[in-house]
C-alpha cells in the first residue's frame, strides 16, 4: 500500500511489549538445550528451523493454522507475483495432508491470515540484495489484537526466506488433522551471514534435464541457498546453444541433450522466482575440448585439443561471441571464467603455437596468463565481474583484474591469501565442500569455516561466501539430489547462520539436520540419510527417517 | 487462388519433402516403451499446435471427474517440459499442424476394476485439415494409455523449436497381455512421504503398469490410521511418519485417476509385530511378538476392523492378506497359546492354516477377493478359498503348480523381479516369463500377471526411484507386449530401454543407468543414451 509502513512498525513495537509477558518461558535455542525432539509419542514440539535464524524468541503455545490461510500484502513490493506464487507453493507444502474433506468449516483457527509487508518494489536480484526478514507469529486473543502471522522484509527475496521459515514452523497434527504452529509466539529476525551461498551443478559430464535442474533449484530455496553456479560446458560436452556460433552445441552428447537459449532463460527466471541467482561458467582455456567438435580450429592440433589455441584470434572471437550471447541470458553480475587445471605443455609441442609463443616472447605459462586476462577483459567489457578458479590467483595474482573474485577449491588457506591481497573470495575447499567426494561426512561439511585464518574485519568482508560443488562425473539425473542433500544443507547453515550458533558446542545440529533431511524427503526431494559415512548411500536398515 | 497461392503450395511441398528426408534419417527407430501390439507408420512429419486441444465429440464418456481432461493436460505438460517452445504454429500451413486430440471413449463408466478393457487405437493421419490425433478406446483407462503412447511419439525439434510428431501416419492398435501389472512399495520398513508415493504412481503410468501393491504395514511399523482401532498407528515410527485415512483415500484416488488400482496388504499373521505397540494383547508374549496371537479372539476382531475400514478406502476387488514367512515355533513355547492349540487339537502349522483361512473368510465377508503369498498355497493349497490368488515370490515353477490346481496366480519370483535385489539386472527383469512352462490356454488364463517388488529395508524417499527404474520398465514390457513381439535377446531392446530411461529423467524421474547393478551411479561422464 505504501512504503514506510508506520502502522506495521507500530504493531511491531506493541507486539514486542506484549512479548515480554507472553514470552516468560521463551529462550534462545542456541544458548540452551532445546526441547528434545521426540518423534516417539509425547512431545509435539517441532520447532526446528534449518538454517537456524539469526535472532529469535519463542513461547510455548500451539496454534492452529487455517487451511484457507489468506495472503494480505502491503508495501511497494507486496503485490509482486514473486510473493503470490511463493505463497501458493508454500501453501501446498504446509497443507500437504489436508484434503478437501478436512477443510473444517466451522472450526475456529488461530491463524487465518498471513500479512506480508515488502517495502521495496525493486525486484532486481543481485549479489548483496537485502535478504533479511522479520517473522512474527502470535495468537489473536483478549490480550492482543495483533494476532496472526506477519512477514516483513525490505525486498521480495527477504519475504521468500520468511515464507520458507514459516513453513518450517508448521507441522501436521495427525491427532486433530490440522496444521499446527508450535512454540508460538514467535519473533524472528533473520538475515544471512554471507551474501553468496552457492551450489555448483555440472551439465557437461552428464546432461541434466530441465525438470531435474528445476527440482534442484526448488530444493536450494528450502535451505536458503542463493546462487546456482551453472558449470554448463566442459571438455566432455557442450550442451548450450550459442546463436552467434551455432556449431558449438554440436559438442553436445546427443541432439537431445541440449539447452536452447530459451531453456537457459527459463531456468534463470525459475531461479529468480525463488530468490536464486544463476552464475554461468565458461571454463577457459583448460576445460573446453568439446568446443572443437563444432569449430576444430580452436584445437591447437588433433592431438592437442586442450587448452584452447591461444595463438588464434578466432579463439577469442568465439569467447566474445559466447559471452555476448550469454550476457542476454544471465543478468547476475558475476560470471565464472574457470581458468583451472590448464596443462599448457601441448602448446609447446604444437608447432604453430610454439612459433606464436616465440614471436610474442612468451612462455606457455605467460600465455596462460595472457589467455585468462584477455578473457577477463571480454567479460568486464560486458559489465560482468569475473570469477576465476584459484589457480589464476596462485599463478599470477598481481596481474589479475582487481575486481576478480577468486574461487578457492584446491585446499584451505587460499581465501586468507586472496583477501590479504584485496581480492574477494568464494570458499569451496574440495576437502570439505566438494559433494562428489563421497567420503566427506555431513559434520566435515558443517564445521568447515569460510573465514578460517582471517581475523581482520575488512578482510573478512572480502569473503563473499562459499559454494558446495556437485561435479557430475558419476552423478546424473538418477542420483543428483541424493548426492547434494543433506550435505549441501550443512554448508547452507554455515553460510547463513551466526557463527556462534553453528559452533561445535551446539548439540542441536544433528537432530535438526536429520529433521531437515526428512523435511526434504517430505517435499519430494531425494535427500539421503544423514549419518551414513559415505554420501548417497541407502539407509542401512529399516527405521525412522528421523534417526537415519 | 492465384499464382501466389500455388507458389506457397509448392514451397510447402518442398518443405514437406525436406522435412521427411531430414527426419527419416534420425528417427527410424521406434522408441515406444512398452512396445504396442501393432504399429504402422510412415515418413511424414507434423507439428503440434501451440494451442493443442482435447476434443471428445462422439464420446460416451462424460468425464464428470475430469479423468480424461486431467490426463490430457498431464500429457501435454510432460511433452512440453523438455524444452521451452518457441515455434509459432499459427505461421505454419495448417495441413502440417495437429490441432488436438480427438478422444472417443465408448463406455460411459469410470469404474476401474481388475480386468477392465485397457485397449486403445491411436491414429495420427499424415494429412487433413483440420488435423487431429485420434484415440478410440472402450474405457477412459484405455484412452489414458493411448495418451501415454502419443506422448512418446512427440519430440522437441531443435530446428523448428516446437514439438513434432515424426513418421506420420501412425496407426497403433494396442492392449495389454496381462491384466495385472504390479509394483510393490513397502511403507513399513521406511515411511514414504505422500509426494514420493505420488511420483511413483506418475512414473508407473509412463510404463503402463496398473497395480500399486501397497505393503502398508509390517513388523517394523504401522503408519496407517485405522479409525476402528485408533491405537494401531501408535506403531508408526514417529508421530509424523503416518498416513491418515484421508491420505490413503487421496493416494487411491490419485492412482485411480491414472488408471492404477491400489492393492492394500496386511501381512498376517507373520509380519505384524508393530500392531502390538498399540494393542499388546496381540503379542503372544513379550518374548513372542510374532506371529499374532492365534488364540486370542481379539486378534480376529481387530483384523475384521481393519478390513472393514479398508473396504471404505480400497475399492480394488482384491485385498492382500500376506501369510508368508510364518514361524509358529513361539506359539508352541507360549503357555497360553500352547494350551489353546492343545485344546483345539492343532499343531503349529495347522494353527497357521486356521489363521489364514479365518482371515480369508473375513476378507470375503467384506466383499474382497484374496491374494496370499505362496507359502499358504505351498502348505495348504487345497484348503484355500477358490477366490484366492496365489502370489509367487520364492522361486520359479510355482505358477505352474498353482494354475494346475485351478487357482489364479501372480508372478514375482524374487530372483528376477525383486527390485531390492540389486544384482537382479534389467536383462533378467525383461526375460522373466510369467507363463513359462504353462501351455494349456485355460491354465495360462489363470496367470493374472506379475509384479515387481520394491521392498523397503534399504529404500526410502532418497533412493526409491532409481532402484525401481529402469528395471521395473523391463518387466512392464514383458507384462504388456504380446509374447511374439518381445525380444528373445534382451540386448535387442537395450537402446529402446535406454531411451525410455532418459525419457523418465526428462520427466523428472530419477531412473538409474542401465549399466551396472540396480541404482548404480554412472561410471563416468557420458550421454544418458549410452549408460
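Numbering starts at 1 and runs along the chain as displayed.
Every residue gets a Cβ built from N, Cα and C, even glycine.
Every protein chain considered, the tally of other Cβ atoms within 10 Å of the Cβ of residue B:325 (active site, proton donor) stands at 14. The DSSP secondary structure for residue B:325 (active site, proton donor) is coil. Annotation comment: TrEMBL describes B:325 as active site, proton donor.
Here TrEMBL flags B:32-153 as domain 'Beta-hexosaminidase eukaryotic type N-terminal'.
Restricting the average to the domain 'Glycoside hydrolase family 20 catalytic' (B:178-482) gives a pLDDT of 97. The annotation domain 'Glycoside hydrolase family 20 catalytic' is assigned in TrEMBL to B:178-482.
Taken from TrEMBL, the feature signal peptide covers B:1-24.
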From the DSSP assignment alone, can you count helix, strand and coil residues within the domain 'Beta-hexosaminidase eukaryotic type N-terminal' (B:32-153)? 34 helix, 36 strand, 52 coil
